[in-house]
Amino acid sequence: MAKIFYQEDCNLSLLEGKTIAVIGYGSQGHAHALNAKESGCNVIIGLYEGSKSWAKAEAQGFEVYTAAEAAKKADIIMILINDEKQAALYKESIEPNLEEGNMLMFAHGFAIHFNQIIAPKNVDVVMIAPKGPGHTVRSQYQEGKGVPCLIAVSQDATGKAHDMGLAYALAIGGARAGVLQTTFREETETDLFGEQAVLCGGVTALMKCGFETLVEAGYEPESAYFECIHEMKLIVDLIFESGFEGMRYSISNTAEYGDYITGPKIITDETKKAMKQVLSDIQQGVFARNWLLENQVGCPNFKATRRREATHQLEEVGTELRKLYSWNDSNKLIDN
Ligand SMILES: NC(=O)C1=CN([C@@H]2O[C@H](COP(=O)(O)OP(=O)(O)OC[C@H]3O[C@@H](n4cnc5c(N)ncnc54)[C@H](O)[C@@H]3O)[C@@H](O)[C@H]2O)C=CC1
Ligand SMILES: CC(=O)[C@](C)(O)C(=O)O
Ligand SMILES: [Mg+2]
Ligand SMILES: [Mg+2]
C-alpha cells in the first residue's frame, strides 16, 4: 500500500520567506498560484512577453515577470507550461537563473522522466502532481477541499526536498485530500496511460462510437447525445461517490443486468491487449518520441485531428442542447 500524507504531515511554515515562481498560468498554473497565494505564500508568475495570461494574472493580484526574471527571483520554480515546451523554456530561461538550493518543481514527470530536462546536482527536483484538472484544483480549494496529489522526489540536494514538496502540496490544497508517495517514472507512465487509454482517449472514443451507432441506426441525434454523452457524468458521479457497487445500486436491475452481459462484449480481451501495447509504447518512450517529433514539425496531425473532432455532429448537437440547461455555465470554453 503506497504511503499517503495528509495535512498533519505537512509544514506550511517551510514556505515562509520563500518566493514561489509559477511558470505558466493555464489550467494548472492559475490554480496553483491562486491557491498558494491564498494559503499565505509569496507567489510570482513567469510568462512570455505578449502572453494572453499576463494581464489576467496581474488582474488577479500577481507580480508577473518573464520566465527568466521570475526564475531569478524565486527559491521554488514550479514549471506549469505545456510538457512539449518545457525543455526549451528550461534551457533558455530557467537553467541560467538557477541557484544552489533552489527547488525545481513539476506537476507531471514527462520532462524529467524522458530526460528532456536534466537539472544541476545542487538543486532539488520535486513533483506535486494533482490527480485532476487544474480548474478542479482551484474550485475544490475554494470549497475548502482539495484534489489528491502525487509526490515524487527526483533529486534532494538540500535534504529537505520531500518536506518542502509536502508543504507545497498543502499550499495548493492537495494535502487536504491526500498526497500519495510515488516516483517520477510511476507518475509519468500511469498518467500518460490513464489519460490515453481510459480518461480522455478511451472514454471519448466509447461515447462517440455509441452516439454514432444510434444515429446511424436512425435514432434522433438529440436522444443519442442525451443517452451516450450527457448522462455519462451522472453515472460517473455515482461511481465517484460510491464506487461501481453504489452506481449499480442506484441504476435499475435491467441496466445492471445489461451492464454485466454487454460490458465484456464491448471491452474485450482484444481491448486489454491493445491497452498493454499502449502501456508498452509509453514505457519504451515511443509515445514521448512521437509527441516530441509531432511538435518539431508544427503538430500537423494534432491540429488536423483537433479540427476534425471539433466539427463532429455530436459537438454541434451538444452545443445546442447545453443551451437548454439554464444552470449550465460551461457552454463557454473555459478561459484560463
Ligand atoms: N491540465 C491539467 O489538468 C493537468 C496538467 N498537468 C501538468 O501541468 C503542466 C501544465 O499543464 P496545463 O496547465 O494543462 O497547461 P496549459 O496548456 O493549460 O497552460 C500552459 C501555460 O503555459 C504558458 N506558456 C506556454 N509556453 C510558455 C513559455 N515559453 N513561457 C512561459 N509561459 C508559457 C501558456 O501561456 C499557458 O499559460 C503540464 O506538465 C501538465 O502535464 C498535470 C495534471 C493535470
Ligand atoms: C487532468 C489530468 O490529470 C491529465 C488528463 O493527466 C492531464 O490533463 O494531463
Ligand atoms: Mg492526470
Ligand atoms: Mg496528464
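Glycine residues also receive a Cβ, built from the backbone N, Cα and C atoms like all the rest.
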Additional site residue, Gly134, Gly144, Gly146, Gly159 [criterion: listed by TrEMBL with Tyr25, Gly26, Ser27, Gln28, Ser51, Ser53 for NADP(+)] = Gly134
Where the criterion is a Cβ under 6 Å from an atom of ligand 3, which of the recorded positions Ser53, His108, Gly134, Asp191, Glu231, Ser252 meet it?
-> Asp191
Among all chains shown, work out which of the binding-site residues Asp191, Glu231 has the most CB atoms within 10 A of its CB.
-> Asp191
Give the subset of the binding-site residues Ser27, Ser51, Ser53, Gly134, Glu195, Ser252 lying near ligand 4, defined as CB under 6 A from any of its atoms.
-> Glu195
When you measure from each Cβ to the nearest atom of ligand 2, which of the binding-site residues Gly26, Gly134, Glu195 fall under 6 angstroms?
-> Glu195
